[in-house]
Amino acid sequence: MTSTTFSGPARLLHWIMAVLIIAMLFIGVAMVATVGTSHNWLVPLHKSVGATLLVLVLARLAVRAIHRPPPLPAEMPGPQKAIAHLSHLVLYALMIALPLVGWSMLSAGGYPITVFGALHLPPLLSPDRALYATLRHLHTYLAYTLFLTVIAHLSAALMHGLLFKDGVFQSMAAWRTRR
Amino acid sequence: MPASYTIKDILRRGGLLPLLAIGAVAGGATAAFAFAGGWLTPGHLHPAQIVNALEGHDGRHEGFRRAHAKGLCVVGHFDGNGQGLALSKASLFRHATTPVIGRFSLAGGVPNAGDGRVTFHSLALKFDLPGGEQWRMALNHVPVFPVATPQAFLDFQLATTPDPATGKPAPAKVQAYMARHPETKAFVDYMAKAPLPDSFANASYNSVNAFRFTNDQGQSRLVRWIFTPEAPFGELDKTTLASLPRDFLFDEVAGRLAQGPLVWHLSIILPNAGDPTDDATKAWPDDRQRVEVGTLTIDRAVTEDEGPCRDVNFDPTILPAGVAPSDDPLLAARSSVYAVGYTRRTGEPAAPSALANDKAFPAPVSGQSAAKEPAQ
Ligand code: HEM
Ligand code: HEM
Ligand code: HEM
């Protein structure tokens, strides 16, 4: 028995994470570009929300393993389906990679990894100068890639909702789970 | 109506307007992103501009700090006496011993510059507190700073950047800057008059910026602090600076440490009402209440090449619970500027420090990494 919508937990996690990830992208570029005092609270906020997102994405994968997502409409052209699946794979990969790269780069830089003011995460790697620089740049590149993928994803979602009208938008946007 | 995926069908069904709307959403989101990153705001001060200005001022020396480029690692410990807990719950202030690594440095971006300069003698420290907490400081021997804001810092660097033609800053630019910044003029006059310590060992080291302390009762206040040396003060003759050996200050402190540890007393300075807490160009009067909270002992020096300090970013906003940045605009700027500098220099191969082959620092015994500390 397949439903036409994502499960309740999947939709809840999708929308919470959508808000947080978009916020993280904006906080990230804003905090590294400012010399103002907002830097003092943006950086700790970025780390705390980033660590939260790592936990959330793991929960989301578990939910996905339990409640399989609804199939894409049968009439949707094959290549378009493939692109949809590939883009979701990219989104998941980046949602996992970004927090891990953030945590690893702070480890390689010998920084304390402080989240929620008082929690100190253990380093994932031992300090390594060149590795820090590499991971720091990787964090930027991955974040920009995520931003572009999210924009494409958002545009595609709106096209499903406003143009194709094939129920794909509703599968994530519905309030209630539908069979 | 069945779903349809071809452009022709979509346009026939009046899909043009929604299509444009979707484009506008995507374009608008991208513009908002660029705006957040400061790319669309002319005059937005980006930390990279300040690092560029430092590189323009002193040259780009790959692998080195863009300021305070010449330095020496130190290793020691801090003994809290418990008195500081009334002011801040920071675990450093407990009656306990905390391991410390640090770095003596001279201001300026030239890694092998001579030590005989009227400039900051500095000490950076990293305290490793229980539970993975850290407290990092970057301290100067002078209690005040030449500029109050990051914009003034940038303008000051640009105005004093040597003209390639003459090798000296253009006097007109310097004068124009000083006319707009009496606080920098006052600082330069102060530096010219103030005695310059003849050792890293007998200099005081100041937080310069104010910080917010919060104790266990939740009471919070703004403070500055100073490390006062036990070694008696001695003054350098400013008229003979140029004739001194290139590395004399670093060699001198290495010699002292070979004889025994060096000790400083940490005092927290409490302002009176009205003392500026967001302006590092303004000193607090000497009579302000001070609370001594413990002693810093430096046991030994190790070159940057062998020691634990080179690849550390002594970002003064890396603070333990009980200490937070003040609203001094320099403090937040230091954090973002040091991060840019740190990313640049760690992305370049490490070059030998000025002291790498200095006989004052014996090479580590082969077969054991004598001086290497975990850079944790
Ligand atoms: C804010 C605008 C967003 C809208 C309108 C939106 C809409 C949708 C829709 C309609 C689906 C269902 C697609 C399908 O069944 O194939 C979906 C799935 C998905 N969305 Fe979003 N989304 C948004 C933001 C995000 C963000 C920021 C992310 C994360 C970076 C994200 C990640 C995903 C993933 C990974 C899936 C696939 C779920 C799965 O198959 O498990 N979305 N989204
Ligand atoms: C989904 C998760 C995350 C996203 C989308 C994200 C995004 C970003 C972005 C866009 C930037 C600015 C990059 C630039 O313009 O150079 C940034 C910087 C940064 N991120 Fe993340 N990040 C995430 C997770 C994390 C985590 C978990 C940590 C650490 C625990 C972290 C630590 C940092 C730090 C420290 C910086 C700034 C470093 C500096 O000033 O040089 N990030 N991030
Ligand atoms: C907006 C103002 C300031 C800017 C832009 C600035 C810039 C810099 C930069 C780029 C570095 C090299 C950092 C690295 O690569 O790790 C540095 C180091 C340093 N700064 Fe500042 N600085 C500022 C204010 C101050 C103030 C107010 C003090 C006073 C205590 C100070 C003391 C130091 C010290 C002691 C170091 C050497 C730290 C070490 O040994 O790693 N700076 N500064």
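If you go along the chain as it appears here, the first residue is 1 and each next one adds 1.
Yeah, the Cβs are placed from backbone N, Cα and C, and that goes for glycine too.
Remember, TrEMBL labels are computer predictions, not curated facts.
As annotated in TrEMBL, region 'Disordered' covers the listed stretch B:348-376 rather than the other ranges in B:58-86, B:261-289, B:290-318, B:348-376. Each residue in the domain 'Catalase core' (B:26-375) has a pLDDT score, and their mean in this model is 95. DSSP assigns B:Tyr338 (heme binding site) to a helix.
Across the structure, B:His68 (active site) and B:Tyr338 (heme binding site) place their CA atoms 11 angstrom apart. Taking the Cβ of B:Tyr338 (heme binding site) as reference, residues of its chain lying under 8 Å away and at least six apart in sequence are, in sequence order, B:Asn313, B:Phe314, B:Asp315.
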